[in-house]
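> My questions will all concern the structure given below.
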There are 2 protein chains.
Amino acid sequence: MTSERDIIRDLKNRFPVRTSVEVGIGDDGAVLRPGDKPVIVVTDMLLDGVHFDLSSASPELVGRKAVAVNLSDLAAMGCWPTAAFISIAVPKSIAATDTFISSLYDGMQALSDQFEFTIAGGDTNTWHGPFAINVCLTGSPTSAAPVLRSGAKPGDVLMVTGPLGGSLPSGHHLTFEPHLQLSKWLLQNTDVHAMMDISDGLSIDLHRMVEASGTGAILNADAIPISPHVDSGLSADQRLKHAMSDGEDFELLIAVSATDAKRLASQTEPHAFVRVGEVTESNDVLLKTGDNLTHLPADGWQHLSYSESR
Amino acid sequence: MTSERDIIRDLKNRFPVRTSVEVGIGDDGAVLRPGDKPVIVVTDMLLDGVHFDLSSASPELVGRKAVAVNLSDLAAMGCWPTAAFISIAVPKSIAATDTFISSLYDGMQALSDQFEFTIAGGDTNTWHGPFAINVCLTGSPTSAAPVLRSGAKPGDVLMVTGPLGGSLPSGHHLTFEPHLQLSKWLLQNTDVHAMMDISDGLSIDLHRMVEASGTGAILNADAIPISPHVDSGLSADQRLKHAMSDGEDFELLIAVSATDAKRLASQTEPHAFVRVGEVTESNDVLLKTGDNLTHLPADGWQHLSYSESR
């Protein structure tokens, strides 16, 4: 099968953007312009056995995650949620369907209460397949316009909002807090050039940002914050590998001017921002380890082969 | 399991409508008001073995149907599509994944070209379950405001836009033409009080319209147009039963004033509209057969027991 990256590129070429759609396929969300105000739309489908495992995760946590990953996409666009649309396919093999659906909605309701958006529609089905859920969220920008991943400029500093790696095995992917408040604060206090959430791993997602921006980047391996969720018994290289490629971190990756980066890096309130690299003019994405620069392939760190010398 | 009707009612009570959402759970779609113009959002999830069967239907027809049923919801709201968001879960057992996805999108592209909307985002996954697809569509009203199912008034005439029944066995559900143009024409030429599409069968869907409108209705059994897709070898009663309860007709059910109904009924261009009943003040939904009136239960004709005398 072609990679998701190729599929997205094909679809992008195949479906030209028409009237009233400002941004189509290729960012964390789409930007529609129905009238004087933009509407941002994000969507994610989550599947049992792929994005969660109902044999260990409660329906409540699964419902929560399905909404939270979409909230993270909105945060990455500098937006606040307005409405959610929930479609579910519930296995006929689940005995207590009503209880299952109710628990699922408990997890979603907690987030809709916290961030004050409306669950405004959806579709409920039963079938003989495993559990599947699709969430579509609409949002509006917290500042003048949504923040795209395409605005990074050479000389910008790349920062992340938290430590990376180990999200799936630790269960962090089920309980993480979507950075809506932080995103809002950032846009009120900083000129954010580009932003996205780290869902597939810093390595792949950084490539997406610089490709969209028409730039390159140098990532500083020594600066990448490694989550305590990453097994501390592993070697330093292995731990770094997990931090860069595990995915489902849902931290934000931002590109800001060097001046703004300096200011952000010096503070811990309301949040500590970590400087992980910089945006460059060339299209290369390089990893800096000590004084050594190596190419970071587009398909991510996980496909790199390690030489003994590293 | 609780009926979908009960689930929708529970969700409606549980999730109050918040700022910038004008219409939430309970109509064909939701109405958001982000700025000076409304945005209408509809969504439907379609599942292999439930809404189509990939062992007999081509991926192209499946992709087409998944978008078409959502277009029908927009037509029912008096809206025109602007953007589509497509999430798919593709079985790992499908050998030629790329070809499969490409064919699927061929079916969707035909409709996006025909009605000039943008496929603006989505999510592509593979898994060990059967094929699932979720489509979320945004739209804008073709007249001043979207048409809801809640606007029917006592004295209104109920009309349908085409014959009913037999859609699933005949394959009509895969190839039907969503009534976007007809809906647009209607709103330009008629004051439509209430409108919805017939997806679960006239019997259930009429109950939904009158419940939303706080009215009742009398349906004239002898006037209901029976589709040629319904087996002609069946008895007249059985054929009527199919017309009222098969579902997936995707014809429009409208409530208009008696004057407008008379005008619509007298014309065949651009379309023939069929008068099937009237809206009443009482909350009863009655079926008129000859001079005989019987209650039509909320869960539809299919659960009625027939006496020998009918």
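Using N, Cα and C of the backbone, Cβ positions are placed for all residues, glycine too.
When I checked TrEMBL for this same protein, it listed these features:
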| type | residues | note |
| --- | --- | --- |
| BINDING | B:ASP28, B:ASP73, B:ASP197 | Mg(2+) 3 binding site |
| BINDING | B:ASP28, B:ASP73 | Mg(2+) 4 binding site |
| BINDING | B:THR43, B:ASP44, B:ASP123 | Mg(2+) 1 binding site |
| BINDING | B:ASP44, B:ASP73 | Mg(2+) 2 binding site |
| BINDING | B:HIS51, B:GLU248, B:TRP301 | substrate binding site |
| BINDING | B:TYR105, B:GLY122, B:ASP123, B:ARG149, B:SER199 | ATP binding site |
| BINDING | B:ASP200 | Mg(2+) 5 binding site |
| DOMAIN | B:26-139 | domain 'PurM-like N-terminal' |
| DOMAIN | B:186-284 | domain 'PurM-like C-terminal' |
> Out of the binding-site residues B:TYR105, B:ASP123, B:ARG149, give me the one sitting nearest to B:HIS51 (substrate binding site) by CA distance.
B:TYR105
> So how far apart do the ATP binders B:TYR105, B:GLY122, B:ASP123, B:ARG149, B:SER199 get, largest Cα to Cα in Å?
31
> Do any of B:ASP28, B:ASP44, B:TYR105, B:ASP123, B:ARG149, B:GLU248 (binding-site residues) have a CA within 10 A of B:ASP200 (Mg(2+) 5 binding site), and if so which?
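Near B:ASP200 (Mg(2+) 5 binding site), where near means Cα within 10 Å, the binding-site residues are B:GLU248.
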> Any idea what the Cα distance is from B:ASP44 (Mg(2+) 1 binding site) over to B:ASP73 (Mg(2+) 3 binding site), rounded to a whole Å?
9
> So which of these binding-site residues, B:ASP44, B:TYR105, B:GLY122, B:ASP123, B:GLU248, get their C-beta under 8 angstroms from chain A?
B:ASP44, B:TYR105, B:GLY122, B:ASP123
> Let me know how many other Cβ atoms fall within 10 Å of the Cβ of B:ARG149 (ATP binding site).
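So the Cβ neighbour count for B:ARG149 (ATP binding site) comes to 24.
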> By DSSP, how many residues in the domain 'PurM-like N-terminal' (B:26-139) are helix, how many strand, and how many coil?
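Helix/strand/coil tally for the domain 'PurM-like N-terminal' (B:26-139): 37 helix, 46 strand, 31 coil.
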> Rounded to a whole number, how many Å is the Cα of B:GLU248 (substrate binding site) away from the Cα of B:ASP28 (Mg(2+) 3 binding site)?
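So the Cα of B:ASP28 (Mg(2+) 3 binding site) lies 14 Å away from that of B:GLU248 (substrate binding site).
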> B:ASP197 (Mg(2+) 3 binding site): which of the binding-site residues B:THR43, B:TYR105, B:GLY122, B:ASP123, B:ARG149 is the nearest Cα neighbour?
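In terms of Cα distance, B:ASP197 (Mg(2+) 3 binding site) lies closest to B:ARG149.
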> With every protein chain in view, what's the tally of Cβ atoms within 10 Å of the Cβ of B:ASP28 (Mg(2+) 3 binding site), excluding that atom itself?
27
